[in-house]
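Everything on this sheet refers to the single structure shown next.
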């Protein structure tokens, strides 16, 4: 069975848009969430965990960029795994990617609502989160160029806020504060802190989801990825280290607003600048929220176009040239997840999906290097096979850390995958070859041998 040919997306994105999408997807992780890593590992323990995860992301992104430029497909890891491992590989990677982005979206939405409620107690958190959902669904339906332009604007604001934050607190940094009880839980704490360190970079891979909307993707995708990663590395390490040295880090290790609290410690709670910085998290959260909606909708679109999800989700709006039904479908998932009220668990599931997706991508890279040596690769992973091997090894370590500390959520994740695999086989999708998709046409022969 051959799937009908779907419409194509509009190519309008340039390197600056990709930088904004890459940084915007991730930057909320610099504003909140990471500080919980201090609570399980201390400042030095978390610094070591962050450096390990930074190495993982550097090696992963340089390797992932090879796949993204060789196969510029909106499905991202789904497309690479399908081409390397066939229908089942595509399903596993696609499922993991959907979990990654679909659940990151409501987590950030609820954080937005909670932050707004913190600033203005009369504003309910849940209603605010639902409102943000509706607004950004409309923005993402209105057009990729409009959405990307908004990403540039809000991401520059978010980066500017973080740079200003570091400039204000840097003169107040004290080494004695930072080194006070630096590893209270020893090396075990470093292992426990790895998922929180992942939060610094989680979702940067989402740039791959807009690969079909990039002008000259062979040149521009590497520029967007590398510049985005460099920006995030600087911000993550700068914010983490400087914040840990202005006071007893334990006072900041269990709150959802570490940056405004840090500013209030330095300037005083009644200072006018402190009140301005009370809204510091909003720019970063909005940037990431917009980016995750964009990335998740493209993943839904790609899987629907390939027959893994209902075909109607692959339709493109003729006026705006965006996959409007995919955007709306992702919005419904976000709405449903918001009503569960389990933000922390949603975040862990999102991280778990990301790590599984990373591992599938690196395995696909090795397989494609072996099976398709003639495949045109405008960008090649440096130090191959070292970089992808290091990325795969460190991803495996992170996976075991997540499983060890979150057994029940891990069971939920893999139970969902088992259900997806069962439905996939019973519906006969594993026997269906995707012939119409130029990026997947050289995929391995399906299981049925047809």
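In case you wondered, yes, glycine gets a Cβ from its N, Cα and C as well.
Sequence annotations record features per position, and here TrEMBL assigns transmembrane segment to 16-34 (among others).
As annotated by TrEMBL, transmembrane segment applies to 46-67 (among others).
The transmembrane segment annotation in TrEMBL covers 88-112 (among others).
Beyond its flanks by at least six residues, the transmembrane segment (118-141) meets 106, 109-110, 112, 147, 150, 256-257, 278-279, 286, 289-290, 293-294, 297, 317, 320, 322, 324, 327-328, 331, 334-335, 338-339 of its own chain at Cβ-Cβ distances under 8 Å. The transmembrane segment annotation in TrEMBL covers 118-141 (among others).
Look at TrEMBL and you will find 148-173 (among others) tagged as transmembrane segment. If you look at the transmembrane segment (148-173), the same-chain residues 6 or more away from its ends with a CB under 8 A from one of its CBs are 12-13, 16-17, 19-21, 23-24, 27, 30-31, 139, 210, 231, 235, 238-239, 241-243, 245-246, 259, 262-263, 266-267, 273, 277, 280, 283-284, 286-287, 290-291, 294.
Annotation comment: TrEMBL describes 185-204 (among others) as transmembrane segment. For the transmembrane segment (185-204), the residues of the chain that approach it from at least six positions outside its boundaries are 22, 25-26, 29-30, 33-34, 36-37, 40-42, 45-46, 48-50, 52-54, 57, 61, 100-101, 104, 225, 228-229, 232, 236, 240, 288, 291-292, 295, 347-348, 350-351, 354-355, 397-398, 401-402, 404-405, judged by C-beta separation under 8 angstroms.
Cβ atoms under 8 Å from those of the transmembrane segment (225-246) belong to residues 15, 18-19, 21-23, 26-27, 29-30, 34-35, 38, 43, 46-47, 50, 54, 57-58, 61-62, 64-65, 68, 159, 162, 165-166, 169-170, 172-175, 177-178, 200-201, 204, 207, 252, 258-259, 262, 265-266 of the same chain, restricted to positions at least 6 beyond its ends. Taken from TrEMBL, the feature transmembrane segment covers 225-246 (among others).
What TrEMBL records for 276-301 (among others) is transmembrane segment.
Residues or ranges marked as transmembrane segment by TrEMBL: 322-340 (among others).
According to TrEMBL, the transmembrane segment annotation covers 346-368 (among others).
With a cut-off of 8 Å between Cβ atoms, the residues of this chain six or more beyond the transmembrane segment (389-407) that come close are 52-53, 55-56, 59-60, 63, 191-192, 194-195, 198, 348, 351-352, 355-356, 358-359, 362-363. Marked as transmembrane segment by TrEMBL: 389-407 (among others).
Feature annotation from TrEMBL assigns transmembrane segment to 413-429 (among others). Long-range neighbours of the transmembrane segment (413-429) within the same chain, counting only residues 6 or more positions beyond its ends whose Cβ lies under 8 Å from a Cβ of the stretch, are 87-88, 91-92, 95-96, 99, 307-308, 349, 352-353, 356.
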Spatial neighbours of the transmembrane segment (276-301) far in sequence, C-beta under 8 Å, 6+ residues away: 21, 23-32, 74-76, 78, 94, 97-98, 101-102, 104-105, 108-109, 111-112, 115-116, 118-119, 132, 136-137, 139-140, 144, 147, 150-151, 154-155, 157-158, 161-162, 165, 203, 206, 209-210, 212, 257, 259-260, 263, 309, 313-314, 322-323, 326-327, 329-331, 334
